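Structure record follows, encoded as structure tokens.
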């Protein structure tokens, strides 16, 4: 009995720090509608700063708590700077574009932290005055855990008072519902957004700072927490602070007991809980359907068929690509295969997001299933390359058929989160199920057939499959099915009113996008000769997202620009020291220069140079 | 007070307003009539700075407000009551009013909570209720009261009589008369000619994004073909 009670207390202590970071994320999303990937970085920097200040001050109980607060306050100021210098300039950009900027911030923070604090994990001191354990029902419980259990509800109460007893809090809650209306009532949204961002960053910094007596401070803290924090926010309902608290407790306590029964589950448990909650309550436990009035967004332009001139340019580019192996070195052909794989992946994601209006944070799931299906057919069933290539995309389609059925029941960020949950569950299973998938060691020796083993020949296989896939998706986008999908994207209710089965069309759109992502995964698997769980991971999903958003979601050419630029730049900068810093900086520059993505920026450039012509890169 | 000249507005490629011109004098109540989709709400939103793509002139008290953000326009003394009410459903009545509260201005009447609760007795009873718990008519009252908390000099009322019970429409007419008594200028958009005639001094009719009538209600009554052409459903 005592053991289970101790386990419960551990769960509650974990819940406190999870709640702190999630509540900040929820507040930022509620007011600004920004999905802040940099929130994990705030958490990590809070921990590093606290470590530095605590060890420098070394000032007993008072010094310890002062350091924690000071670290959180500094993170708040960093949040303010980011909001004012970057995010404030791009609030008008298409929804979710700000996410790209926050991802650039993540990269910059990773290398900045590495440069300042080094790669070694840092072990913080114990909290003075709370450094022992007390016995409760015979089990030793760290005093610091008890303090954390108290801090969570205390912060919740503080936020509640702030939100209900101050004018600022009332304005924040009003803005969470309808920020345009709050502006029309005379409130300067810019300051409201800044303040919400500062508060959110402060809470994340506090969550990180409070961790230093419990765990080593490391460079992996940012990405290890962000997924779980998103899950908590979504389960609670985005924008709901009390929801975040309930969800943090739910996840942490469930986890504390689940690992007793089935230790492997802890990696996927939060995502399973999220999936179940979202299927039962599409807006989370305490969430509400978002306001219709998030802003007067302009309707999307219809897609145009390409003008003759741009068709010529495109054909010329394809021809150059086709003949490139004749004149370039092998490693260029290999790089170009990477580019084509990334492009097909990005185009398939764009089909889902730009054409289908369904944002995915977990598109890697289908890429990875395609790659693993091909690898396993070759390794375990002795298939040849071609049959494996042909069959594997159907497995991706099957996975998309299964997960898509759940996902299309939701919309917006909730849909995106459920796609992420699907991908994380698949990733977790692949990672843990050593006997079947090889686990962390992956599957090796997935090489192309003898006749296709030269880099040049494989280039042409990839060329045919990837360009064929891209061509197919373009055709579908311009087919009646594509029109229907775009109609649903622009107005679900109107599409329903004219008799379209919107869910079914979205579901099929999901499957088409998933299958083609699977095809990209297959080409990828044979080009690398191996597959690892990374192919299903969050990083792979985010890469695709960045390609699509950076390229420009409103243009069919967007993902092509985005993927080519992304792979080329990545290939170049990863050879440099502190490449994440440089890469993040480049992303921020592109974001600020072209808030409509690269395709939009190119279009504007063409119009500026040739004022009489319409930009053709649609 | 307010001078709109040759206003064009668009959402993306859809042109909504084609050169709207109208004016509103000190302490005047003017109705903008027109069918659904004629451009009444877009005119209101453009004045309030809530439509980005627009050209032309919008002058308020001799100053151009075209291109100003809506919070600045509000602070200059323009109150906006949106068509869809847009009250904050998760906030109490009092909190809704708090969001609209702004400091007293020297050149406009001051509206206190007490005064507003006198004007809207229903709201007083329900001050601790959440916005989403109110009836449609109460929500309409709340959205007007919320705007008055900003102590405006001029109010844009977008379709105040839409979707509320006849008895509340009557109450609404009294409220508008009270606004005029207090010295405010009011621009109302309406589809209901009878309600508009009851509360306003003169009228514009908008059709397909342009003003096609500018005059008195008397002239409209003498020439029924005008209202038949532009207002009849």
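A Cβ is built for glycine as well, from the same backbone N, Cα and C atoms used for every other residue.
It should be emphasised that the depicted structure is a prediction, and the values quoted were computed from it without experimental measurement.
In TrEMBL this protein carries:
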- A:6-29: transmembrane segment (TRANSMEM)
- A:41-58: transmembrane segment (TRANSMEM)
- A:64-82: transmembrane segment (TRANSMEM)
- A:190-210: transmembrane segment (TRANSMEM)
- A:230-251: transmembrane segment (TRANSMEM)
- A:257-280: transmembrane segment (TRANSMEM)
- A:311-328: transmembrane segment (TRANSMEM)
- A:415-437: transmembrane segment (TRANSMEM)
- A:457-473: transmembrane segment (TRANSMEM)
- A:507-526: transmembrane segment (TRANSMEM)
- A:546-569: transmembrane segment (TRANSMEM)
- A:581-602: transmembrane segment (TRANSMEM)
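Between the transmembrane segment (A:415-437) and the transmembrane segment (A:41-58), the number of CB pairs under 8 angstroms, six or more residues apart, is fewer than three, so the stretches are not in contact. Tertiary neighbourhood of the transmembrane segment (A:190-210): same-chain residues 16-21, 23-25, 27-28, 30-32, 36, 39-40, 42-50, 67-69, 71-80, 82-84, 87-88, 91, 148, 151, 155, 168, 171-172, 175, 179, 182, 221, selected by CB-CB distance under 8 Å and a gap of 6+ residues from either end. Proximity of distant same-chain residues to the transmembrane segment (A:257-280), defined by a Cβ-Cβ separation under 8 Å and at least 6 residues beyond the stretch ends, is recorded for 4, 7-8, 11, 227-228, 231-232, 234-235, 250-251, 406, 409-410, 414, 417-418, 420-422, 424-425, 428-429, 431-432. Scored by C-beta pairs under 8 angstroms, the transmembrane segment (A:41-58) has its highest count with A:64-82, from the stretches A:64-82, A:311-328, A:457-473. Sequence-distant neighbours of the transmembrane segment (A:507-526) (same chain, 6+ residues past either end, Cβ-Cβ under 8 Å): 337, 340-342, 344-345, 347-349, 351-352, 355-356, 358, 360, 363-375, 385, 388-389, 392-397, 399-401, 403-405, 407-408, 446-448, 458, 461-462, 465-466, 469, 472-473, 476, 481, 485, 535.
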